[in-house]
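Below is one structure, written out as structure tokens, with a few remarks after it.
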Amino acid sequence: MSNNLSIIGAGAWGSALSIALYDNFDTIYLHTHTQADIKKLKSKHSALSIPYPYNVKIAYDLYKLQDSKNIIITTPSYAFSEILEKIKPFINHTHKIAWGTKGFDTTKRCFLYESFKRLFPNRNGCVISGPSFAFEVALNKPTALVVASIDENTRNHFAKLIQTNTLRTYTNADIIGVEVGGSVKNILAIAAGIASGLKYGFNTQAALIARGLSEMSRLGKSLGAKNSTFIGLSGLGDLVLTCSDNLSRNRRFGQELVNNHNIKNALINVGGTVEGLNTLDLILSIANKKQVEMPICEQVYQITQGKITPAEAVNYLMSREQQQNNE
């Protein structure tokens with residue numbers, strides 16, 4: 001089998017990885033089934049409007065997975081379990097599977113890792129996460145990523161596989177912590193966008209990041225994650241990035257909520273998947289079961305349900321009972 005890679009999902013992140021990793025492989029197969037993606041691929045322009053390298057090939061059918069021993073899934077989280085079910089008939093003992101999808105499986109209402117183990121109980125999956133805007137990765141801007149798996153060989157394999165001169169990889173055994181960070185930061189980015197839309201300043205943004213990190217850590221700890229994970233790349237690093245720049249669709253969505261007061265119009269204006277909105281209900285459901293307080297995430301939920309205005313949410317957060325800074 002040649003040194004090939006299959007990336008499932010030709011959106012922004014899948015396209016970025018195919019562009020950034022082209023020199024590591026003989027051929028990169030980019031799997032898609034939508035006519036819009038096929039048209040872009042035929043014109044050699046990615047979802048990021050950046051030309052694909054010569055060795056990135058469109059794959060119409062999943063049988064092409066047989067030509068690659070390494071697979072990276074980059075579909076939105078709501079499609080993750082469906083993709084796993086579709087690829088299962090094509091997977092053999094030589095394949096190694098990772099995913100760059102962030103969020104929870106909202107279809108099965110569980111971690112992506114749990115969905116993976118449900119369908120592939122005898123395999124060790126791997127998540128690729130960290131502060132990484134797709135557009136900057138495609139432009140070869142220096143970026144650091146976390147590669148997490150409970151299996152040391154699996155995480156080391158993918159860490160070496162995707163490292164380049166501009167992609168630096170770090171390994172982590174705490175796959176649950178990495179997935180919690182990648183999910184919760186999207187909700188907090190919506191909150192940051194709301195604050196930006198309300199014309200609040202850097203003080204507010206800093207407070208949101210710091211207190212949001214506390215919410216993320218509390219939830220992760222209740223699920224067995226390590227606190228150290230949340231002060232690393234997949235926690236604090238990704239949170240700062242996603243809350244600070246409008247390359248984040250979640251942040252733009254928060255701004256649009258303030259400007260439009262309408263979820264449907266906000267989503268149209270953002271023009272892409274808003275993972276924070278998709279996973280919000282599930283995250284809060286888990287938090288309630290674990291009796292974990294997540295006031296910022298809760299206020300984002302109330303806003304998206306039309307129960308309160310953004311300004312009312314801020315007033316509530318500012319008037320909560322006083323707490324110690326380490327809580």
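A Cβ is built for glycine as well, from the same backbone N, Cα and C atoms used for every other residue.
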Which of K39, K185, K307 belongs with K102, G130, S132, D238, S248, R249, N250 in the sn-glycerol 3-phosphate site listed by Swiss-Prot: K185
Reduced DSSP assignment, K102 (NADPH binding site): coil
Cα-Cα distance linking K185 (active site, proton acceptor) and N250 (sn-glycerol 3-phosphate binding site), given in Å to the nearest integer: 9
Where S132 (sn-glycerol 3-phosphate binding site) sits in the secondary structure, as DSSP reduces it to three classes: coil
Cβ packing number for E275 (NADPH binding site), 10 Å threshold: 27
Proximal but sequence-remote residues of the same chain as S248 (sn-glycerol 3-phosphate binding site) (Cβ under 8 Å, at least 6 apart): F133, A189, G193, L241, T242
Residue among the recorded positions H33, K102, S132, K185, N250 whose Cβ has the most other Cβ atoms within 10 Å: K185
Recorded sn-glycerol 3-phosphate site residues K102, G130, S132, K185, D238, S248, R249, N250, farthest C-alpha pair in Å: 16
